[in-house]
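Here the structure comes first, spelled out in structure tokens, and everything after it is commentary.
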């Protein structure tokens, strides 16, 4: 399923798939629309479990500490896998990387919805973090290469806005469904299954109908420096062992930059209150 980066031939025949990729809707390419839909589902998936903490606590007879453990597992796997996922996004076709990550999180989200034991729930929540880690770097780099320098900030702003809509929608829908049963199935379980199915569909569409901006011949969004960087990191230039070694060397050099260290420290401190806020829904339901 993973596709290596390669330059598309201008003389390649026009197929229904390539024709769909070339279409634009309201001025946006099909690729960008699908990428933003993937962002919606990614944020919705992240916010599902905190929205139904109360129901999960009752179903598995666990307390807030155990629920926090679930959140820790997901974020821990996501944090340690993100650098590796960034390397995948750099050296492989990003729609394929996105599709693989989406399948990971879709299957694990569905498995969370049907879990019967807390250990099963914890395992699949960890796998969910791995899937999200694969998707996030590919999403962001895809957006970066899809806009010119002057509009790239607007592109990231739109991605953030759409992702926030997905997070809000996931929380609201899950909270509304959680206290009810549908066809004999608890609402919170059905919410997980629904998000899993929608994520799987979007992942397939991304793989079939999205085109990596790096694979578009004569892409005017990339300047000479971009092409030089892509050439040096190309699979045709560096063998697989060299890719991972060079990526590790580059990562170490970036980590030595003082500004980057401050940004990381700010991110760690700034994320602490938001991690605690996920319990607000459960707290409001209990008071």
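Every residue gets a Cβ built from N, Cα and C, even glycine.
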> Taking 67-90, 211-234, 235-258 as the choices, which stretch does TrEMBL tie to transmembrane segment?
Replying inline: 67-90
> With TrEMBL as the source, which of 41-63, 156-178 is set down as transmembrane segment?
Replying inline: 156-178
> Which of these ranges is annotated transmembrane segment in TrEMBL: 7-29, 122-144?
Replying inline: 122-144
>> If contact means at least 3 Cβ pairs within less than 8 Å, sequence distance 6 or more, would you call the transmembrane segment (122-144) and the transmembrane segment (190-209) in contact?
In response: no
> Top stretch among 67-90, 156-178, 190-209 for CB pairs under 8 A with the transmembrane segment (97-116)?
Replying inline: 190-209
> Are there residues at least 6 beyond the ends of the transmembrane segment (190-209) whose Cβ is under 8 Å from a Cβ of it, and what are they?
Replying inline: 1, 17, 20-21, 30-31, 34-35, 37-38, 41, 44-45, 48, 52, 95-96, 98-99, 101-103, 105-107, 109-110, 112-114, 170, 173-174, 177-178, 182
